[in-house]
Amino acid sequence: MFPSLSWILLSIFMGCMIQSAGIISGKRNKKFGYIVEITSGILAIGYVFYEHSFINGFIYIAFISSSYFSMVTLTSGHVRYEKIQEELQVHSVEEIELHREIKRIFLDISMTLIIFIFAILFLIFGPEASPLKYIISFGLLTAITELLKRILVYKNVRIYYCKDTEMVYIVSKYDLRKFSIHDCKMVQIESAVDMLKLHPLLTLFMSNTDFTTSSQSVLKLSLPGETVYMTLKDVDKWKRVFGAGGLKDSVDEQIMVLPFYHKRNMKRLLGKFYFAATVKGVSAYTGLLLLLYFLNIPNWLMVTIAIIYWGFNLYISDLVLKVAMDAKETTNQELINIAQHIFEKAGIPQTRIYETESSEYNGLATGMNIGKGMITLTTATLKLPIEVIEGILAHEAIHIKKRDIMWGQIWRAVYIILILFVILFIQENIHDIDAYRIPLFLLIWSIMFIFPIYQSFVSQWMEVRADHLGASLLKGGRNQMADSFRILTKAQDEEIHKSLTYSMSEDKTKKDKSSLERATWIWRMIEFQFMPHPPMYWRVSSLATNQNGWGKGILKRWATDRLKESISK
């Protein structure tokens, strides 16, 4: 029932080889490449089922599939890379010299290893039959893929500038960008690499793209939808060049960045690593369970201690997330006045307002209860019209008023606790797992399938409530809330479309539809059944047409449309 490590590794290898075979054979003929991939996949599946039972076979096929798509992550930029290479041959370009130090990538590897160390130890020394090993294995596969991609980008990234077209080319087979200097909203120099801001496992709400190759001075380019970081040799020269495109914001002074190990960074360092171990991964929980396992603690007590630890993390979540986002309490008096008016109207006057540097348009409510509530807005969001900011604040204020952060975690915990009791029941009462393979297989896969639907249902119910109750806090009511969502969504779509052109072929990005339009039924089904928010077209429409505010009417409409929109054309 539980996979062996050797077969997990073999399954991962097969998935990688299937994708690699398709890429190699499809260089001259794409159709032939697809045929090779399909044939290889069928052979791999056949081999797995030949060697293993039906139930175990599906487990190994899941690893084959996961590793296949991990390889897609590494090879998806291959076609775009060839196109840019051809473009570089046509134009007269200057290669920009980079600082390249091995210790830079060593820091990335070391930090990833530290974050996952307890998960790795649990995988090696934990209970042989623990289902947690499945979760750890899939999580590590994703993390290793991203780390490998980062290593490969570090090794072969090249940066070019074309003076005639004023285009910048960041070129690598594994990740690349092409953009005009006129797209730069801000160009800044940072004195050194800020590892605590660039490592993807240590951040939240940030869209930073890390092309740094050393720990030297960093050139930071703020683009629509993302912020790019590079370590160039003549950084002052290139700041002037890239800043000649007509910046919307200008910062002349160099930003001082302290080493991540500096004593003034200790609180930030520990907070971000704790966030990574408890939120981005399961290392903290697996480390605790491994310790309890070696102490021979009874299973029921293990579960109890894990629940208490989870409750503690929920209680301090506002502090942890504040550090993860590098959020700072706002000093914008206009924003403070607007927020305070909304918070007092909602009955939560003690709520604090924070801002975090990010090119994403978004807001986030955190805090286990009203007294610990805080709302964080990104710097991009703060550039929207004031009426839109009011709408976002009102929506997030309802999340705090109704304690949605706490209740969302509690409802998730109810499901997880149910799963834990099922696992304990199996371990205590079923000694011959092979005799119950099929029922256990159906049970496990049913639990895995239902969980995201269950989460989506609870989350969307809270989001719809926040939309309609939040509208009552606004001077413009539901019309202002609907307009806020329209403007916010349009800004998000424009930024996303713009940023996609930097890394994708233009013909793909032209096919994107507005998020305010009703999508095809398959995407509507995915959004309604699996996503935390209902589709934006539905949220705007429900606000525009619902005259009775929050109540049974809008709740019934959402429940009905959640089903109807998921199956109708």
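Each residue, glycine too, has its Cβ placed from N, Cα and C.
A Cβ distance under 8 Å defines the sequence-distant neighbours of the transmembrane segment (6-25), meaning residues of its chain 6+ beyond its ends; these are 32-34, 36-37, 40-41, 44, 48, 52, 60-61, 63-68, 70-72, 75, 78, 137, 141. Among the features that TrEMBL reports, transmembrane segment is placed at 6-25 (among others).
Residues or ranges marked as transmembrane segment by TrEMBL: 32-49 (among others).
Taken from TrEMBL, the feature transmembrane segment applies to 55-74 (among others). Beyond the ends of the transmembrane segment (55-74), by six or more residues, the same chain brings 1, 3, 7-8, 10-16, 18-20, 41, 44-45, 48-49, 134, 137-138, 141-142, 145-146, 148-149, 152, 174, 437-438, 440-441, 445 to within a C-beta distance below 8 angstroms of the stretch.
Taken from TrEMBL, the feature transmembrane segment covers 105-125 (among others).
Annotation source TrEMBL lists transmembrane segment at 131-148 (among others).
Summarising the annotation, TrEMBL assigns domain 'YxkI PH' to 158-243. Counting residues per DSSP class in helix, strand and coil order gives 19 helix, 34 strand, 33 coil for the domain 'YxkI PH' (158-243).
The transmembrane segment annotation in TrEMBL covers 273-294 (among others).
Counting only same-chain residues 6+ beyond the ends of the transmembrane segment (300-321), those with a CB under 8 A from a CB of the stretch are 204, 271, 274-275, 278-279, 285, 288-289, 292-293, 327, 364, 366-368, 372-374, 376, 405-406, 409, 413, 417, 420-421, 424. Feature annotation from TrEMBL assigns transmembrane segment to 300-321 (among others).
What TrEMBL records for 331-544 is domain 'Peptidase M48'.
Note on the transmembrane segment (410-426): residues 131, 299-300, 303, 306-307, 310, 433, 440, 443, 447, 451, 454-455, 458 of its chain, located 6 or more positions outside it, place their CB under 8 angstroms from a CB of the stretch. Sequence annotations record features per position, and here TrEMBL assigns transmembrane segment to 410-426 (among others).
Look at TrEMBL and you will find 438-457 (among others) tagged as transmembrane segment.
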Original post:
Ranking 32-49, 105-125, 131-148 by Cβ pairs under 8 Å to the transmembrane segment (273-294), which is first?
Top reply: 105-125
